[in-house]
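Per TrEMBL, the features are as follows:
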BINDING   25, 60, 61, 62, 84, 85, 86  5-amino-6-(D-ribitylamino)uracil binding site
BINDING   89, 90, 131  (2S)-2-hydroxy-3-oxobutyl phosphate binding site
ACT_SITE  92  active site, proton donor
């Protein structure tokens, strides 16, 4: 017996709208992540420029609130979060990371909207730069790929649930 696999694809319809929330703190790194995300959404996802909204927030701590507001609006099929959190000498780093890692998934589940994480958490600035597309890939691009796939996967699962059919 072969198992039925349900997977999301990377292409999207013309009507798909995605919001990207980007932190201004560590902007020189985050802009690379944003560019990577937008490139994937346009080139691979086929999204039009006007269907991608970019919302700037002061820092990573403010991201969960904006994620919730955008999720409540019902205007977007997915949200991508972009920020860079670099470990310092105080516990502030842990509080910011925990806030994002706990609150954002709760909002995703509450509103059934895919929220992909392009938030870099790094021990130092060199690590963050390496993960922003200059040496070790681009986490913004990765988040955009996840977003595209999850939009389609959620849609497929919703259709199956509504129809009650697994074929």
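One is the number of the first residue shown, and numbering goes on along the chain from there.
Note that Cβ sites are derived from N, Cα and C of the backbone, with glycine treated the same way.
Here the features listed in TrEMBL are painted onto the structure.
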residue	record	CB count, 10 Å
25	5-amino-6-(D-ribitylamino)uracil binding site	18
60	5-amino-6-(D-ribitylamino)uracil binding site	24
61	5-amino-6-(D-ribitylamino)uracil binding site	19
62	5-amino-6-(D-ribitylamino)uracil binding site	18
84	5-amino-6-(D-ribitylamino)uracil binding site	27
85	5-amino-6-(D-ribitylamino)uracil binding site	22
86	5-amino-6-(D-ribitylamino)uracil binding site	17
89	(2S)-2-hydroxy-3-oxobutyl phosphate binding site	6
90	(2S)-2-hydroxy-3-oxobutyl phosphate binding site	8
131	(2S)-2-hydroxy-3-oxobutyl phosphate binding site	22
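Taking the C-alpha positions, the distance from residue 131 ((2S)-2-hydroxy-3-oxobutyl phosphate binding site) to residue 60 (5-amino-6-(D-ribitylamino)uracil binding site) comes to 17 Å. With respect to their backbone Cα atoms, residue 90 ((2S)-2-hydroxy-3-oxobutyl phosphate binding site) and residue 61 (5-amino-6-(D-ribitylamino)uracil binding site) stand 16 Å from each other. Within 10 Å of the Cβ of residue 92 (active site, proton donor) there are 12 other Cβ atoms, across all protein chains. Spanning the residues 25, 60, 61, 62, 84, 85, 86 that the record associates with binding 5-amino-6-(D-ribitylamino)uracil, the maximal Cα-Cα distance equals 16 Å.
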